[in-house]
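One structure, as C-alpha cells, below. Some questions next.
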Amino acid sequence: METPEDEKKSEIATQDSEDVRSLRSKAKQLRDRVNHFFSRWAERTDTKLYQMFFVWFSVNMNVLSFGTGSAGPAFYGLGLRQSLITLLIVDLISCTIPAYFAIFGPKLGMRSMVQARYTWGYYGAMLPSALNVFSMEGFLILDCIIGGQMLASVSNGHLNDTLGIVIIGVISLAVTFFGYRVIHWYESVAWIPNVIAFIIMLGVGGKHLTIEPAPGPVAPSQIITFATVVASSVISWCTMTPDYGVYHLQNTSRMRVFIYTYLGFFVSSITAHMLGAAFAASALSDPIWESGFDNGNNVGALVEAVLSPAGGFGKFITVLVALSIPSACAPTMYTFASSLMTISYYFAKIPRYIFAIISTAILIPVAIVGATRFYATFTDILSIIGYWSVIHGVMILIEHFLFRKDNFNAYVLEDFDKPRRLTPGIAALLAFFCAFGIIIPCMNQAWYVGPIARAGSGDIGIIAGSCGDRTKVFSRK
C-alpha cells in the first residue's frame, strides 16, 4: 500500500514525464517549422537570374584573378603586349565552358558532382567528386595566401602572413555557414570593394604603368604554357557553376543563363587578368613596386605598394580588398562540402558545416607553407586542377550532346542514387585514364617536365587531354 510520500513521488514523476513529453513535442514542432521554412527556401522557384552574373563577377573580380594575369610577365617572362593578347584570346574562348555548364543547374536541379553520375556511373563518379574536393581546396589555399599577404603588407610588422591567412580562412568559413541563399546575396555586393580598389589603383599608379617588353627572347612554349594556366583557372569553374543555379526555375531560358554567366566570367576575368599583367610588368621598372612584389612571390604586397601613395586611405582599401576575398572562398568552400558529400552515402549523412570546418582546418596550414613560394604553388595547383577538370568537362559534354542529343529530358532524375539504373561508368574511367596517358608527356611543371613539353611545345596538357578524351565515344559505341 502506497504511503502519502510515495503518492507524492509518483505524482512528481508523472509530472516530470509529462514535462519531458511536452518539451519533446515543442522541440519537434520547432524542428518541423525550421525544416518547413528551409524546404520552402530551397524550392526551385528562384527567378533572379541576374544573380548568376554577380556570383561569377564577384568570384573573379578579385586579387586571385589579378595574380593569374600577373603570372605572364612575372613567371613566364612575357612582355605586356604578349600577355594582354594572350589573355584576351584565352578569356574570350574559355569563359564559354563554365557558362554553358551553368545551364545544367536550373535544368536538372542537381549539384555538379551528382549530375556527373549520369556520365561516370554511381561508383565511378566518386573519382571526379574526390578530385573536385582537392580542386576546391587548392583554390581556397591560393585565395587565403593572397589575402594573408595583403593583410600582412599593411600591418607594419604587427601581423604576418600566417595570421592573415587564418583571418581570411575564418571569415570564409563564417560566410559558408549560412548556405546557398546567403552566398548568393553576399556575392551580389562583394564585388564593390574590388572594383573601387582597381579604379583607385589605376588612378594612383596609372602614371607608372609602362608597356614593358619581354626581358629576353620569348619562345612559343612560354606563351602556350601561360595560356593553358589562364585557361585552367577559368575552365575549372565548370565543376561548380551548376551548383549555383539549382534553385532557379527549371523552365528558365538557357540563353539567359548562359549570357549572364558568360558576362559575369568574362567582364571580371579580362579586367582583373589584364590589370594584373599591366602592374606586374611595370613593377620591373618601379623600385617600390618591385620591392613589394618580391620577385613575383607577393601579389598582395604589390597591390599595397601601388596604393601606398594614398597613405592611410590606400591601406584601408587594401584591407577591404583582402576582406572581400571570401567572395571567392565561400562558394568554393560550399562546393568542397557538397562534393565531399557525394563521394559516399555515409558522407551525405554528415552536416555540410562539418566539412566546411574540415576544409578550413586543412587549408590554413597548407596555405602557410605555400605562401613561401607563391608562384610555384600557384601554377602547380592551377595546372593540376586544369588537367582533370578539362577532361571531365569534355566527357560531360560528349555525354550530353552525343548520347543525350542536347535533351535535358533524357536524364531520368529519379535514378541519381540508383547504381543499377545508371551507366556502369567503365567507358568514363577508361577515357579518363587514357587521357591522362596523353597529358603526362605534355606536362610542364616545376616538379616534372614531360618529353613532349621538353621538346619545345610548352604545357599542352589540357589541349592534348581534351582531344584524347574522345576515347569515351569509341568505348561507349
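Just so it is clear, glycine is given a Cβ too, placed from its N, Cα and C backbone atoms.
Whatever TrEMBL says is automated annotation, not expert-curated.
The transmembrane segment annotation in TrEMBL covers 53-78, 84-108, 120-142, 162-183, 190-211, 223-245, 257-281, 316-341, 353-375, 381-402, 422-440.
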With pairs fewer than 6 apart in sequence excluded, do the transmembrane segment (422-440) and the transmembrane segment (257-281) have three or more C-beta pairs that lie under 8 Å?
no
Mind checking which residues reach the transmembrane segment (53-78)? Cβ under 8 Å, same chain, six or more beyond either end.
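That would be 86-87, 98, 139, 142-143, 146-147, 150, 183-184, 187-188, 190-191, 194-195, 198, 212, 214-216, 218, 222-223, 225-226, 229-230, 233, 237, 241, 244, 260-261, 263-265, 267-269, 271-277, 279-281, 283-284, 293, 295-296, 299-300, 302-303, 321-322, 324-325, 327-328, 331, 374-375, 378-379, 382.
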For the transmembrane segment (381-402), which stretch among 190-211, 223-245, 422-440 has the most Cβ pairs under 8 A?
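Going through each listed stretch, the top one turns out to be 223-245.
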Take a look at 120-142, 162-183, 223-245, 353-375 and tell me which one has the most Cβ pairs under 8 Å to the transmembrane segment (422-440).
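The stretch with the most contacts is 120-142.
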Taking 84-108, 223-245, 353-375 as candidates, which has the most Cβ pairs under 8 Å with the transmembrane segment (162-183)?
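Counting Cβ pairs under 8 Å, the winner is 353-375.
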Other than its close neighbours in sequence, what residues sit by the transmembrane segment (84-108), given a CB gap under 8 Å and a spacing of at least six beyond its ends?
44, 52, 56, 69, 72, 78, 115, 223, 226-227, 230-231, 234-235, 237-239, 241-246, 248-250, 252, 254, 257-259, 261-262, 265-266, 269-270, 273-274, 277-278, 393, 396-397, 408, 411, 413
Where among 190-211, 223-245, 353-375 do we find the most Cβ pairs under 8 Å to the transmembrane segment (120-142)?
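Counting Cβ pairs under 8 Å, the winner is 353-375.
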Six or more residues beyond either end and a Cβ under 8 Å away: which residues meet both conditions relative to the transmembrane segment (353-375)?
67, 71, 74-75, 136-137, 140-142, 144-146, 148-149, 161-162, 165-166, 169-170, 172-173, 176-177, 296-299, 333-334, 336-337, 340-341, 347
May I ask for the residues of the chain that lie six or more residues beyond the transmembrane segment (190-211) and have a Cβ under 8 Å from a Cβ within it?
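Residues 54, 57-58, 61-63, 66, 79-81, 268, 271-272, 275, 278-279, 281-282, 285-286, 289, 303, 306-307, 309-310, 314, 317-318, 320-321, 323-324, 326-327.
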